[in-house]
Amino acid sequence: MSKLIYGLAGPTASGKTSLSILLAKKINAEIISVDSSLVYKGMDIGTAKPTLQEQDGIKHHLIDIIEPTGNFSVADFISSVNKLKKEIWARGREVLLVGGTMLYFKGLIEGLSALPESQAEIREALEYQKKAKGLQYLHQQLSEIDPQSAQKINPNDQQRIFRALEVIMISGKKYSELVKTSKVGGLDEELKLCALVPNDRSILHKNIESRFRQMLDQGFLDEVQNLRKNRMLTKETTAIRSVGYRQAWEYLDGDISYDEFVKKGIVATRQLAKRQLTWIRNWQSSINIVAMENETKELDILKYFGYK
């Protein structure tokens, strides 16, 4: 039986960091960060990078691994996870993926490939069949057409079942054969992914504003001033396009006032959270949704992971 990989996703300021530490302790896991901003050195305050104290003895990976002038693509992330998971398992621990960069999660779930683009009409047809005959029926159909793919896909994983059948219908070829020739990375193991979502969006918005102002008190602008000493960095650099940093850069350039900077920074963070929640909504049939306000969320997630 293949190993499981555990995951905790959610929008920014939803409480992932503190919850992930509790979960990691319960399941004896090391954490792999799924955050495209945490990879950068020298970008600590504006990314809400967990401090050593906050990490509380839990080993974290993919934090502070490249300079802000560098890039860390989805392919780089997938390759790193596939290497790290083996090392973590060799130490007798579990793998817990934690973060909010949904493209990274998508890369793990689907892999990167030259497979045909999704087609709305085929998705609608599959959705109709699922409603009429059930997801198990579609998984059985996949088993008859492409048993190798069906064996690797959990019968309850709607997203991957739909994608496999969609590719077969578009290309006329087995999904397993196409993936072998065009896939870069992805996970062979089942990912048990939970996502934190707010029942009340206004609470998340308050958290975002509160955290942004706390970052300012902690010296966020000083951090950005220090980054500006590197002449290779501009507001168009990938790292500096992270929410908050670009707005701070514009303020320090004199393009906007301090009040405009604060307002734009908070709005940009809210927009990021909205995009993250859209990703989660699209995945809700194949992942476990947990309300961030739920007082028993730790226990609920552990139960979903298979722990008491």
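A Cβ is built for glycine as well, from the same backbone N, Cα and C atoms used for every other residue.
Cross-referencing 44-48, 59-63, 89-93, 159-163 with Swiss-Prot places the feature region 'Interaction with substrate tRNA' at 159-163. In Swiss-Prot, the annotation region 'Interaction with substrate tRNA' applies to 35-38, one of the ranges 35-38, 83-86, 239-242.
Sequence-distant contacts of the region 'Interaction with substrate tRNA' (159-163) (same chain, at least 6 residues past either end, Cβ-Cβ under 8 Å): 109-110, 118, 123, 126-127, 135, 138-139, 142, 153, 175, 283, 285-286. Within the model, the region 'Interaction with substrate tRNA' (35-38) carries an average pLDDT of 98. The sparsest Cβ neighbourhood within 10 Å, among the listed binding-site residues (Gly10, Pro11), is found at Gly10. In the shown protein chains, 14 other C-beta atoms lie within 10 A of the C-beta of Arg123 (site 'Interaction with substrate tRNA'). Rounded to a whole number, the C-alpha distance linking Arg123 (site 'Interaction with substrate tRNA') with Thr101 (site 'Interaction with substrate tRNA') is 24 angstrom.
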